[in-house]
Amino acid sequence: MYTAKFREPEAEEHWSADTAHSVPPNRQRFPHSQKLSYLLIRGRLARETDPGEVTSFQAFATELSGTVGLGNIAGVAIAITVGGPGAALWIAVAGLLGMSVKMAEATLGSKYRIVREDGTTNGGPMYYLRDGLKQQGHATLGKVLSTAFAVTTIFGMTGAGNMFQANQATSQIVSVSGGVLGPYRWVIGIAIAILVALVILGGITKIGNYTSRIVPIMAAIYVLTCLVVIGVNIEQLPAAFTAIVEGAFTGKGAAGGVVGAMIIGFRRAAFSNAAGVGTAGIAHSAVKTRRPASQGFVAMWEPFVDSVVVCSITALTVVITGVWQNPEPGVEGVALTSKAWETAAPWLSYVLAIAVALFAFSTMLSYSFYGCKAVGFLFGGSRKAEKIYNIVFILLIVVGATTSLDPIVNFSDAMLFLMAVPNLLGTWRVL
């Protein structure tokens, strides 16, 4: 194998790794960045001869399928229930701040990736922490941080990207069945596990092909239905905006007021858009490109789509319908969003069940790939170790489907935090 060095002298000014921190989003450069990102996502600047496995759009869709997931539906509802409507504004703020972080992660993931002779790639924080810090004379620190990231990624992906998704998808299916399927949550979990297994065993190419098709459909169904619900309750729109803004800056109560709303919002944003967690570096390291910073321009829009657009629409839907106030016992997460949709039409809960299934399925596909890459890093690319991880990942889907929500959320939050610590420390030093 060899470490790919992606440089083209004529493009050095625009495509160096330094682009990740040397191009602030000012008014003069922002329109150019938008156009450049659009062209990259559309594949207009790609070459078939470039090393890698997937297109920029497929990596964009893979990462979005991991971030635009149930964190947007259930996570936002949980944030509003605990921290009030004000948490929604801080989720959006965290999304804007996360754009530069994602840009750095994707750029470094592409720059320090390893391309094998057969064309397959390995990349992500494990590699840019190890190799980037080694180049700066901090080899020991690089080994410690990269190993810590890989270990926590294995656990983080099984929590946030597996059990949480299975739990909430199963809960919505049970809900629309009127509780009839409650005793058979394990059967639903097995069915989901079988479907996931059929795809993840095909690797990143198969996952990329699948997510590039399902993500646009998934997002369209969800966003359009939320807009319908908002439209039905349009007379409450001014009051909803007021509640969100006032809650963000003047919140009071047990959740800790402004600080509590901010913390809850940032926690749910990290769960949702994964900025700082490092997964963007893994997804975009597989792209066919010779220009590392090109992936930064693509990845920077993922937190915007996830937290600023989708999460904000979800929050507005929950707040405008008033379902977050005094919810029924046991109505939490995705069930609360479902109640909001039902205010427009009872049958919309079935539409949400479809959306939830698509969200959960695509997220599990992406996160299984990330976890598999972490296992490969720790065990020297052992196919046997990766296969064992995939089997464990599939089995834990059933566990997630039958476990209560709170311990899964707490475990996932802890693991994502532990992933972010070595990643952010190392990223700051490598840049």
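Using N, Cα and C of the backbone, Cβ positions are placed for all residues, glycine too.
The shown structure was predicted, so the numbers you read here are calculated from the model rather than taken from an experiment.
Looking at 1-28, 113-140, the range tied to region 'Disordered' in TrEMBL is 1-28. The transmembrane segment (214-234) makes contact with the transmembrane segment (344-367), as judged by at least three Cβ pairs under 8 Å among residues 6 or more apart in sequence.
In terms of C-beta pairs under 8 Å, the stretch of 144-164, 304-324, 344-367 lying closest in packing to the transmembrane segment (388-405) is 144-164.
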